[in-house]
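Shown next, in structure tokens, is the structure this report addresses.
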């Protein structure tokens, strides 16, 4: 069958006005962060940051005026990084002569271009939180968490940093038995909850905005965070892969486990076939198919798929006019690393 995989009929299919998220900014009072500093962060990352990003920085400044980025280090084991490093001025203290590449700064092994790390936790599991946005010209749709040493799964944790920290704190409170530690955590929880209430941020794990996005998700992908691509009223924009997720994982496993190059080439045949289907799909403006296959291969994690992912993903992102994501994935695949992801270290 030409095109491979049927078209998906989704309830949310229809012309998509993806700019609605911008409304959020006017809802809250602006955080007291200078426009120069805001411009510096957003110019370095080439991404707009939501107001909760700046509000949370001010909240941490109140907890620890000297080192806001470490305000939650002792109590929660969390540190503010990534774009927060720019607010802290860390990039100006950089010793390395090479320039800071924000596309790779705190980009963990499984982080897709849609994910922007803002907080790190336990180094053993590489726990981290980040903003997840469907397109580089939009504000984030939620805060996700991932443990890169375990897998590629991204878990949704509210639509702002306050909610993500609150959920982390609640989990921590269930684990801690020491009275003194419980008291410290409860104190932070009270301050956090009050700050979020004053500013009007929801502390829910799944908000109405997030549920609305769910209706636009065309496929979950291996990372589970879902992909959103424009699908018009004629259902043009996405078509399903001819293989289920389980089958695709089996195909990937066969490639990785192959005993010889010859076997590996044979095991690669179904992927080659799917790439042909993607070409048909791209010709018919179903750009989501190539994005899904490329993302799944990236998420599987093996270097055997880097070349194919490097062909599929930049093309898909460019066709979707998400050019920054194309650049991020190119940079990431060129130096994909499990360690040394702090661009400001040393």
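Indices start at 1 and increase along the chain as displayed.
Glycine is no exception: its Cβ is also placed from the backbone N, Cα and C atoms.
Remember, predicted model here, so these are calculated numbers, not experimental data.
Swiss-Prot lists 284 with the feature active site, proton donor. Within 10 Å of the C-beta atom of residue 284 (active site, proton donor) sit 15 other C-beta atoms, taking all shown protein chains into account. According to its DSSP assignment, residue 284 (active site, proton donor) is coil.
The N-acetylmethionine annotation in Swiss-Prot covers 1 and is backed by similarity to another entry.
The N6-acetyllysine annotation in Swiss-Prot covers 19 (among others) and is backed by a large-scale study or a structure entry.
When other Cβ atoms within 10 Å of the Cβ of residue 186 (N6-acetyllysine) are tallied across all protein chains shown, the result is 12. Annotation comment: Swiss-Prot describes 186 (among others) as N6-acetyllysine.
Annotation comment: Swiss-Prot describes 233 (among others) as N6-acetyllysine. According to its DSSP assignment, residue 233 (N6-acetyllysine) is coil. Other Cβ atoms within 10 Å of the Cβ of residue 233 (N6-acetyllysine), summed over all protein chains shown, number 8.
With a 10 A radius on its CB, residue 235 (polyADP-ribosyl aspartic acid) counts 15 other CB atoms from all the protein chains. Summarising the annotation, Swiss-Prot assigns polyADP-ribosyl aspartic acid to 235 and lists similarity to another entry as the type of evidence.
According to DSSP, residue 238 (ADP-ribosyltyrosine) sits in a coil region rather than a helix or strand. Feature annotation from Swiss-Prot assigns ADP-ribosyltyrosine to 238.
What Swiss-Prot records for 240 is polyADP-ribosyl glutamic acid, and it gives similarity to another entry as the kind of evidence.
Marked as region 'Interaction with PARP1' by Swiss-Prot: 242-346.
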Notebook entry, point to check: residue 284 (active site, proton donor): which of the modified residues 186, 233, 235, 240 is the nearest Cα neighbour?
Noted result: 235
Item checked: Confidence summary for the region 'Interaction with PARP1' (242-346), mean pLDDT rounded -> 97
Next item on the list: For residue 240 (polyADP-ribosyl glutamic acid), list the number of other Cβ atoms lying within 10 Å of its Cβ atom.
Entry: 18
Next item on the list: Could you state the whole-number distance in Å separating the C-alpha atoms of residue 186 (N6-acetyllysine) and residue 238 (ADP-ribosyltyrosine)?
Entry: 47
Next item on the list: Pop the Cα-Cα gap between residue 240 (polyADP-ribosyl glutamic acid) and residue 233 (N6-acetyllysine) into the table, whole Å please.
Entry: 17
